[in-house]
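A quick write-up on the structure given underneath.
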Number of protein chains: 2
Amino acid sequence: MQSFEINKADLLKIRTALDGDDAEILKVLEEYHASEIAILFERLNPDQRQKIINVLPADVASEIISEMDEEDHPEQILFNLHPEKRSEIIEELDYDDATDIISQLEVHEQQEVLEDLDQEDATNIRTLLTYEEDTAGGLMNSDVIKINVSLNKKDALDEVIRLSEEIEEFYTIYAVDDYDTLQGIVSLKDIIKARPETMVADLMKTDYVFVRADVDQEEVAKLISQYNLTSIPVVNDYLKLLGRITVDDIIDVLEAESTEDILKISGVSEDEELSGNWKDAVKSRLPWLVINLGTAFLAASVIRHFAGLEAKLPIIAAYMTIIAGMGGNAATQALAVTVRRISLNDLTDAQAYRTVLKEFTVGLINGAANGIIVLVVALWYDANPLLGLVLFLAMTGNLIVAGLTGATIPLVLKRVGIDPAVASSIIITTFTDCIGFLLPLWLASSLLL
Amino acid sequence: MQSFEINKADLLKIRTALDGDDAEILKVLEEYHASEIAILFERLNPDQRQKIINVLPADVASEIISEMDEEDHPEQILFNLHPEKRSEIIEELDYDDATDIISQLEVHEQQEVLEDLDQEDATNIRTLLTYEEDTAGGLMNSDVIKINVSLNKKDALDEVIRLSEEIEEFYTIYAVDDYDTLQGIVSLKDIIKARPETMVADLMKTDYVFVRADVDQEEVAKLISQYNLTSIPVVNDYLKLLGRITVDDIIDVLEAESTEDILKISGVSEDEELSGNWKDAVKSRLPWLVINLGTAFLAASVIRHFAGLEAKLPIIAAYMTIIAGMGGNAATQALAVTVRRISLNDLTDAQAYRTVLKEFTVGLINGAANGIIVLVVALWYDANPLLGLVLFLAMTGNLIVAGLTGATIPLVLKRVGIDPAVASSIIITTFTDCIGFLLPLWLASSLLL
């Protein structure tokens with residue numbers, strides 16, 4: 001297998017070369033794939049990265065820059081280059097990648113960069129910069145292979161070959177009219193196989209899926225995955241072809257969406273960069289913790305209410321934390337399964353109902369199973385059968401509550417249009433904490449005193 | 001935008017048609033895309049699904065079957081068909097999809113299905129059935145466009161066109177020798193542009209990425225995403241070309257991996273099907289809950305140790321649950337960010353060190369912030385400044401522990417080769433519970449009594 005792993009020898013070689021002159025650096029770098037250099041980049045400091053991009057030819061440099069992580073700030077490396085080299089590299093980049101990188105610069109820096117580009121590139125990138133980053137427009141590449149519907153086979157083939165000089169990889173050829181309005185899609189194979197006099201209009205498929213530029217990227221990902229597409233055309237309100245999104249752009253979207261799901265379900269703001277600094281992390285997490293603290297006071301007020309009981313039965317404090325904690329764990333399980341399910345697929349009413357019923361059953365069984373263990377411990381350790389019964393009932397009850405809320409809350413939030421991953425875990429912990437304290441305390445004060 | 005949403009009218013129309021004869025069913029179904037019927041399928045019962053597949057022509061039926069969710073059991077629908085119709089549908093399927101579906105049947109059912117197929121298809125599927133489902137071999141499609149390196153441009157083009165009759169979509173053409181050993185990859189574009197006498201060997205690119213059939217699917221996904229590939233060839237130990245994996249197959253792998261991450265971090269076994277029944281859910285979750293119960297007893301023993309204190313200061317029980325709970329929340333935040341980061345990218349030692357340092361800082365700041373709130377509440381509600389100090393220190397301390405363990409535990413588990421998502425949250429909750437109980441109880445008994 002050809003996967004590239006960084007080893008110390010590679011790193012040492014490159015770091016040593018970086019102390020030498022340009023020729024030495026180039027000679028060492030020649031041994032690596034552009035994507036391998038991109039991986040090595042993670043271990044180098046900004047100065048070393050800049051040096052490498054400075055000496056590499058524009059085509060290799062552009063590939064590395066397009067593969068750099070956003071958080072490693074490729075836009076700064078680009079901006080620091082000599083304007084001529086910079087423009088060369090940008091011209092090698094796909095428009096969508098170039099736009100993503102340039103969009104990270106300050107507006108006056110963007111102007112400076114765009115002014116040095118040739119007219120056509122600058123116009124294309126300026127247009128792409130107007131779309132929101134997380135929409136189809138922000139995701140699309142405006143470089144597409146498009147041919148006029150009225151061309152015959154031979155002219156169409158010539159045109160595709162001409163256009164393909166600039167656009168290396170293409171999945172689909174788009175057929176447009178004189179105003180660039182999308183008319184259909186054609187495959188290169190069908191053009192080759194066609195008889196000379198056949199027109200593009202006769203070869204194209206007219207039932208195809210497309211998106212408008214303002215559609216959310218998550219929706220685009222769902223379409224591509226649902227219809228098993230390799231690419232999807234992007235149009236404006238008048239069906240003018242603006243660009244295309246390919247399935248590999250969608251991989252990044254899907255990974256980002258999954259990361260957001262994991263963060264939100266754990267009470268972290270979805271905007272927190274995984275490798276961000278502590279300031280961002282505090283800003284993203286402190287608000288959730290403070291909300292949690294508020295709900296914790298609520299749960300604690302249940303304990304305050306029974307303060308007299310604890311003086312008489314101090315052992316109950318230890319058990320009640322166990323029951324509340326187990327409720328939290330069981331609720332998290334139910335929540336994770338339900339939230340992820342909703343996030344991959346909308347549920348029908350019948351499916352939602354069955355989900356809640358299932359989580360009730362799971363809560364009952366897991367609650368009773370853990371309840372028996374607690375009962376046995378209470379018998380063996382505290383020799384108190386009635387306490388054992390109280391704990392058994394409380395554990396079962398709380399795990400049923402955990403299952404019910406873990407499934408119901410995200411489903412309800414989804415129905416009323418709130419992202420189920422965001423608020424669910426806080427609401428649910430509040431429930432399982434309150435009920436987890438209330439049940440043992442109330443049952444104990446009713447049955448034991 | 002052309003996304004398909006199920007509405008009641010569509011469903012009613014189809015359900016009504018299903019009560020009529022075959023012609024009626026067909027007439028209604030003609031209005032829909034195969035992938036739209038696949039979506040409608042989710043709302044129909046198994047009998048209705050079977051009826052639809054029975055009447056549809058094999059090419060449409062095969063598309064629907066290939067898009068059905070594994071949990072809706074397409075293999076049962078296939079198996080229930082008339083053998084002739086069944087074979088027709090299987091012949092329309094890609095080999096990889098056919099294999100995935102057939103692999104779900106019992107072995108004797110597999111035999112029955114394979115016996116009815118034509119020799120070549122049966123052999124291909126039999127071979128694919130021998131690979132583990134989650135390896136490159138299990139993921140690959142053995143239908144590839146491959147041409148001999150010794151062909152000239154014209155013969156190569158003819159061969160590609162001939163092969164493309166059977167293989168609808170192809171991204172890459174593979175060049176092989178007489179023994180099917182992979183020699184390079186060629187693009188259709190380059191063949192078209194080549195001069196008549198040029199040989200495939202002169203057109204092909206020889207630096208390309210490939211995988212062996214036994215490589216794990218997660219590794220394949222990383223390669224495709226790392227090298228921005230649209231497809232990757234799969235070979236055996238002698239570099240014989242066995243098949244190819246395309247980027248759209250990888251989307252499902254990535255979604256499954258993210259689901260596993262979310263489940264594992266929430267204490268659910270990674271094998272639990274999101275829409276599985278309650279029995280599977282109990283089997284998947286109960287073991288984790290029982291382990292959790294064990295650690296909860298450990299934490300509770302801390303409380304038992306200070307049983308005397310609680311009798312004198314009953315209010316401490318309420319506060320200690322707050323501090324332990326907040327520790328759990330903060331640890332979950334640190335854990336989610338760290339686990340997801342590890343899962344997307346391996347961390348260097350320096351990055352791991354910085355991560356731990358960052359989480360320490362975040363824990364300190366968030367701990368002090370929440371500590372001040374608890375201090376104010378203690379002053380205002382219990383008029384006890386020393387208790388306020390105890391709680392401030394305990395909250396700060398526990399959130400530092402939460403940050404440190406939330407970052408350190410997954411990093412350590414990863415280093416020693418244990419999946420960080422699996423065990424982390426249990427270990428961490430144990431820490432934050434024990435410390436969350438110990439700190440306020442110990443500080444209170446030292447400072448207050």
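The backbone N, Cα and C atoms fix where each Cβ goes, glycine too.
The feature transmembrane segment is assigned by TrEMBL to B:286-307, B:313-339, B:360-381, B:387-409, B:421-443.
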(request) State the residues, same chain only, that lie 6 or more residues beyond the ends of the transmembrane segment (B:360-381) and have a CB under 8 A from a CB inside it; answer 'none' if no residue qualifies. (result) 319, 322-323, 326, 330, 334, 387-389, 391-404, 407
(message) Please report, as numbers and ranges, the same-chain residues at least 6 past the borders of the transmembrane segment (B:313-339) whose CB is under 8 Å from any CB of it.
(response) 261, 265, 299, 303, 355, 359, 362-363, 366-367, 370, 374, 378, 382, 387, 391, 394-395, 398-399, 401-403, 405-407, 409-411, 420-421, 424-425, 428-429, 431-433, 435-437, 439-441, 444, 448-449
(request) Mind checking which residues of the chain, 6+ beyond the ends of the transmembrane segment (B:286-307), have their Cβ under 8 Å from one of its Cβ atoms? (result) 267-269, 320, 324, 426, 429-430, 433-434, 436-438, 441-442, 445
(request) Determine which residues of the chain contact the transmembrane segment (B:421-443) at the Cβ level, with the cut-off under 8 Å and only residues 6 or more beyond its ends counted. (result) 260-261, 264-267, 270, 288, 291-292, 295-296, 298-300, 302-303, 305-306, 309, 316, 319-320, 323-328, 330-332, 335, 339, 343, 390-391, 393-394, 397-398, 401-402, 405-406, 409-410, 413
